[in-house]
Amino acid sequence: MEDTDSMAGMGMAQEHNHGHGMYFCDGEPVMTEGGSWIGHFMPGVVFLLWGVHWMQGIFRKYFDSRRPKGPEYRAQTVHGLGRVPAYVESCCKAFLPMIAISLELYFAHKGGWRTMVCPAGTPRAGHFYGPHMGNWQHASMYPPFILAGLVDLVGYEVELPYGTQQVFLFMAFVCETLLMALHKKHTPLDTAVHSVLMYTMAVTALFVLLELAQPRNFLISCGRVFGTLLQSAWFFAATHIMFDHVPFWDEAEGADMGPAMFVPVVFVALIVLVLAAMVLAFLGFNTFYKIRDARGAAYERAGLLEDEPPRHSAHSNTYTAQAAHCGAGVSATAVSAGGAVPLSTFASHTAGAAHAHGTSCQV
């Protein structure tokens, strides 16, 4: 009789969990939704800042390349911002995810460490602790980005093979995509929301790979920005859909398919919104550069500009640093005999050279 009651209880747990139950260490089923509001909102903030940062760097390089004596446009994985050199982005990529992992697995929880396996002495000793599986899945997305950041930093000291930084950034987004694709979900709405999130990650990874093949294609670089911003926008949308508990998104434990069917409508609307925002940003940069170039031409006609000093040496040194960082594959005649350029030497370049060329992972 007890076995029958136990089986009935398990059946109810499976019904509540839509066919794939998770359990506490005492054997009780997990009846609450996975994830948290802050756990979805904060990644949206991170990818928004990262996407906007990439956009300003890519747009600046593109408009600089259109100027009469501007350098050729080439894709790169990191960018500077004003007087902040590009290797700061590499440092952020390498070390900030470590903080995210510590929050995901320890500091953000009242119970402390999110143990993976139920301890001895509990009814489910040796089995996975169900409520913590989501934390471990989320935390496992960060190490590939840490590795990509560390490879960036190594590239400042060692001449890496052509496109190494791009490959590691691509693999970071691929790992993120795979983890989201294999993320076990519950109701149709939950599945739809996380499937769309997986698509945004896959799009970003695809454009990073295309940049490796077509480094001079500005539109492909814009595709990477688009994928990153779309991923951010969908994180914000998922936060609202899953955790704000508005009646509009109540699917009645999966019985109402309406919310899941409306997810693609929201996704398409966000695609249009992100594209429109990028077009407006492009027009803003275009206007800024036109005004700046017009003023520069007026000053030049009035004789208010000094003759431009020779730039061969600075350009050569900066390009050498780029090649050392990114494995750009330049010929031996284009790179000085030393090959790799130490980070200290690279950081000593003037702000102007850093702005024009940056610590670029050029391919």
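The backbone N, Cα and C atoms fix where each Cβ goes, glycine too.
Nobody curates TrEMBL annotations by hand; they come from automatic prediction.
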Handout entry: Which listed span TrEMBL calls transmembrane segment, if the choices are 225-243, 320-338
Key = 225-243
Handout entry: transmembrane segment according to TrEMBL, located in which of 37-59, 83-105
Key = 37-59
Problem - Chain residues in Cβ proximity to the transmembrane segment (263-285) (below 8 Å; excluding those fewer than six residues from its ends, i.e. six or more beyond) - result: 55, 59-60, 63, 189, 192-193, 196, 222, 225-226, 229-230, 233-234, 237, 241
